[in-house]
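K.L.:
Residues or ranges marked as disulfide bond by Swiss-Prot: C24-C54, C32-C58, C41-C53, C42-C80, C47-C62. The domain 'WAP' annotation in Swiss-Prot covers 21-66. Per Swiss-Prot, the feature signal peptide maps to 1-20.
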Amino acid sequence: MNSKIFAVLLLLALLSCVLSDQYCPKSSITACKKMNIRNDCCKDDDCTGGSWCCATPCGNFCKYPTDRPGGKRAAGGKSCKTGYVY
């Protein structure tokens with residue numbers, strides 16, 4: 001009986017996570033000098049602890065998702081490299 005209750009609670013918790021929309025946070029920076037552009041990540045797998053790889057004017061950084069839209073996830077791709085981009 002206890003295992004059935006636990007299974008139902010676990011299913012409800014997973015369902016609420018899947019149904020809630022998550023976004024990269026909106027960047028407060030609108031522009032960045034080219035010499036300061038740096039990528040800490042290129043894809044979500046480069047980030048730890050449930051954070052996402054999000055694009056900003058100053059590069060890609062690992063950020064925790066938020067429920068407010070406005071940010072942009074990093075596109076990644078073969079041309080993306082970590083470190084300074086200049």
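Here, residue 1 is simply the first one shown, and the rest follow in order.
Backbone N, Cα and C define each Cβ position, glycine as well.
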K.L.:
Who sits close to C54 (disulfide bond): which same-chain residues at least 6 apart have their Cβ under 8 Å from its Cβ?
P.N.:
C24, P25, S27, N60, F61, C62, K63, G71, K72, R73, A74
K.L.:
Among the disulfide-bonded residues C53, C62, whose Cβ has the fewest other Cβ atoms within 10 Å?
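P.N.:
It is C62 that, of the disulfide-bonded residues C53, C62, has the fewest other Cβ atoms within 10 Å.
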K.L.:
Closest to C80 (disulfide bond): which of the disulfide-bonded residues C32, C41, C47, C53, C58, going by Cα position?
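P.N.:
Result: the closest of the disulfide-bonded residues to C80 (disulfide bond) is C41.
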K.L.:
Tell me the Cβ neighbour count for C80 (disulfide bond), meaning other Cβ atoms within 10 Å of its Cβ, over all protein chains shown.
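P.N.:
Its Cβ shell of radius 10 Å holds 18 other Cβ atoms.
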K.L.:
In whole Å, how far is C41 (disulfide bond) from C32 (disulfide bond) when you measure between their Cα atoms?
P.N.:
17
K.L.:
C47 (disulfide bond) has how many other Cβ neighbours within 10 Å of its own Cβ?
P.N.:
19
K.L.:
Please list residues from the chain of C58 (disulfide bond) whose Cβ is under 8 angstroms from its Cβ, counting only those at least six apart in sequence.
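P.N.:
The answer is S27, I29, C32, N36, I37, R38.
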